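Asks: Sharing the features that TrEMBL gives for it:
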| type | residues | note |
| --- | --- | --- |
| DOMAIN | 24-128 | domain 'Gnk2-homologous' |
| DOMAIN | 129-226 | domain 'Gnk2-homologous' |
| SIGNAL | 1-20 | signal peptide |
| TRANSMEM | 245-265 | transmembrane segment |
Amino acid sequence: MVKTKTFLLFFSIFILHSLSFSTDTFIYGGCTQQTFTSTSPYEFNLNSLLTSLVNSATYTSYNNFTIVASNPNDVVYGLYQCRGDLSMPDCASCVSRAVSRAGDICPATRGGVVQLDGCYVKYDNVKFLGVEDKTVVLKKCGSSIGYDPSNRDAVLDGLVGSGGYFRVGGSGQVKGMVQCIGDLSFLECQDCVLEAIRRLRSDCPAADYGDMFIEKCYARYSIGGGAHAYSKSHGKSDNDSEKTFAIIIGLLAAVAILIIFLAFLRRICEGHQGK
Ligand SMILES: *[C@@H]1O[C@H](CO)[C@@H](O)[C@H](O)[C@H]1NC(C)=O
């Protein structure tokens with residue numbers, strides 16, 4: 001029976017891990033230095049802003065809100081952006097997780113930002129809506145695999161050339177993705193994407209994946225689906241591996257039920273022998 005329990009524990013951790021991989025994977029977070037006191041008007045306004053963000057994410061993948069107040073210290077600005085391929089229910093659940101994550105890491109600061117795999121949430125007392133900002137927030141390069149970068153560069157060029165705030169592209173083993181935050185104009189988005197891709201090329205020359213998160217946009221690519229989280233939900237071969245994964249999970253569940261059933265039968269038999 002102890003063995004069965006260990007097995008089930010392993011089993012549930014495995015599932016939790018695979019689910020958290022999809023859209024809720026934490027990428028980065030940050031808080032401002034200025035704090036607010038609890039039960040202050042700022043706290044009240046911030047809560048009302050965060051509620052608006054979460055509600056809005058059930059019907060649109062980008063929105064911004066401003067909670068106005070007569071005292072400038074009590075004004076709160078906020079926005080969220082879901083990754084363009086998320087369904088509305090997934091967008092809403094991602095934003096709600098990002099908001100609660102922000103509350104955990106920034107319990108009493110005026111501003112906070114959280115980027116999860118599937119969505120981005122930011123709020124502050126200082127106005128940042130519609131402001132272009134090309135500061136690099138997070139850069140990650142995979143291990144260098146000595147891969148000829150020409151195919152990767154072609155995919156990245158394709159991302160620059162295609163329009164929209166969310167872009168995906170791929171060729172062979174290479175997959176790429178770009179996402180702008182909806183408060184940028186189209187030209188600003190294009191400018192941000194160019195910068196992110198320029199930096200990916202120069203900073204991750206032969207890496208098997210690259211992530212470049214700039215304040216108002218990001219660009220990511222992976223080669224061969226490698227160590228990369230987001231690539232799991234894109235492309236044909238990845239869908240196949242997802243199917244295989246689902247079948248394995250199904251088999252594991254069947255085995256778990258069988259073990260429980262056998263243990264149950266044994267208890268009944270032992271009960272009979274005891275009489
Ligand atoms: C903020 O939202 C308002 C109302 O939905 C919209 O008109 C405005 O363009 C948005 N501003 C930015 C910077 O996205």
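Backbone N, Cα and C define each Cβ position, glycine as well.
TrEMBL labels come from automatic prediction, so no person has curated them.
For each listed feature, how buried is it and what is near it?
Replies: DSSP labels the residues of the domain 'Gnk2-homologous' (24-128) in these numbers: 37 helix, 32 strand, 36 coil.
A mean pLDDT of 92 is what the model gives for the domain 'Gnk2-homologous' (129-226).
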Asks: What does DSSP give as the helix, strand and coil breakdown of the domain 'Gnk2-homologous' (129-226)?
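Replies: Residue counts for the domain 'Gnk2-homologous' (129-226) by secondary structure: 30 helix, 34 strand, 34 coil.
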